[in-house]
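Visitor: So TrEMBL says this about it:
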- 10-280: domain 'Tr-type G' (DOMAIN)
- 19-26, 87-91, 141-144: GTP binding site (BINDING)
Ligand code: G4P
């Protein structure tokens, strides 16, 4: 195997799956892992047998609500390509976490239920992808069930997402009549066969070439006629696949199949391998100069897009998920933030489904887990040289603010520590009013408070009470000169707070008030996102 970062980067596809709950994301993930045998690339990995991911108490919420709150990373290899699948939390309240995960993905698969088309959550996640210009591959799932007309589905994608749709395959009916699909590129038919009960693996049938004797053999006459007619219409009337348009986010290639029946999944994976983008050059400041960091650059660099605590039942550890952007990472390397803080990475982890292993080496596009006892933040850029700062991952201004108190007043100090620790992890944002008083926690969605509540109980033994806060909006503030900033902070001290990084935040009683204060203080910038610099 070549160990050159540019070559290794070129065969990597780092992607996320977006979908509305129940469209089949979990089933598709399982099928994809099955296709890859969930095998990790480095030969000499020392498996840490029993150290499975914890199912800590707070994950109860996930189970009860049937949602996945924590995201994980799964790596697998197929057909010479290395795939890194980043699992995004599916609940709408978790848009902030999802957004962060998507910053680490080079493309996304959008899974649609063939009977339902675009659903609200798909739309929302799609918008997040669009913010980052992430190319999207569409997988229309559950073709083994009665589906909407494929033209209707494609038309809906086109009109709701303002994107061209290029079918790569065309289905022969659906539900009970589902017979397979025609490869619109090669004009071969891929027959659908139902897996036998208990059959493992994929229902791979030989492809049937047009003109050959076996073409559409066994397909009912009505289905055959329908396929020939609709496939021709699709070919003539719908856009052809165009790599540039796809990579720029204007066009989505469309695949059909059934994740549950493990049909169409290998075709989807092949499509991803052939067309989805490998890790791309990223804008960064290197030694203060704006530049692009290419994957082939020797200096290992990347950024932390997620922090997760308590992944190991034995220790109260924290793991920073580090997406590599350049260079060849090797175990034992020291990586530094631009502020000079160094992390010696003795035990990097690679994530595979339920297991973790120590990584010996990793390349651009890969995600490794860096264990730490704090000190790492979401959005941190790390590099061997310590010279690289990527554009940060923003924090979003919270839409809900609450005051938080602990039931047992003797535990006030614990509360602060626990909140700060969970705040650093990005569970919720935490603001300390400069005049003292109760801490204020902020979230983009209500569910974040529930997760916070559960985790405070389970991990810190703290019963907390959330109370309505007089504030409804928070803005990070900055100014041209320090004097201007300090003068404003002094004037507005009763409404000033600091976030976990001690950055100044103005708490407003309404967005109207923020607008008003802004008008009165033209020298102060009020920002509803905060990009972490380094
Ligand atoms: P999600 O992660 O997007 O929420 O969806 P998930 O994969 O859990 O799938 C939701 C339901 O849809 C599951 O059924 C799953 O078996 C079913 N499903 C997924 N893909 C297909 C498919 O290609 N064809 C058909 N017919 N069904 C599919 P469930 O009854 O809710 O759960 P389970 O009891 O089967 O696990």
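We count from 1, first residue shown onward.
Heads up, the Cβ atoms here are built off N, Cα and C, so glycines get one too.
Not measured: the values here are computed from a predicted model.
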Visitor: Across all chains shown, how many C-beta atoms besides its own are within 10 angstroms of the C-beta of residue 25 (GTP binding site)?
Guide: 24
Visitor: Under 6 Å from ligand 1 by C-beta, which of these binding-site residues make it: 22, 88, 143? Sequence order, please.
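Guide: 22, in sequence order.
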Visitor: Give me the count of other Cβ atoms within 10 A of the Cβ belonging to residue 19 (GTP binding site).
Guide: 24
Visitor: Taking 10 A as the limit, how many CB atoms besides its own sit near the CB of residue 143 (GTP binding site)?
Guide: 26
Visitor: Where does residue 22 (GTP binding site) sit in DSSP terms: helix, strand, or coil?
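Guide: In the DSSP reduction, residue 22 (GTP binding site) maps to coil.
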Visitor: Cβ distance under 8 Å to residue 22 (GTP binding site), same chain, sequence separation 6 or more: which residues?
Guide: 113
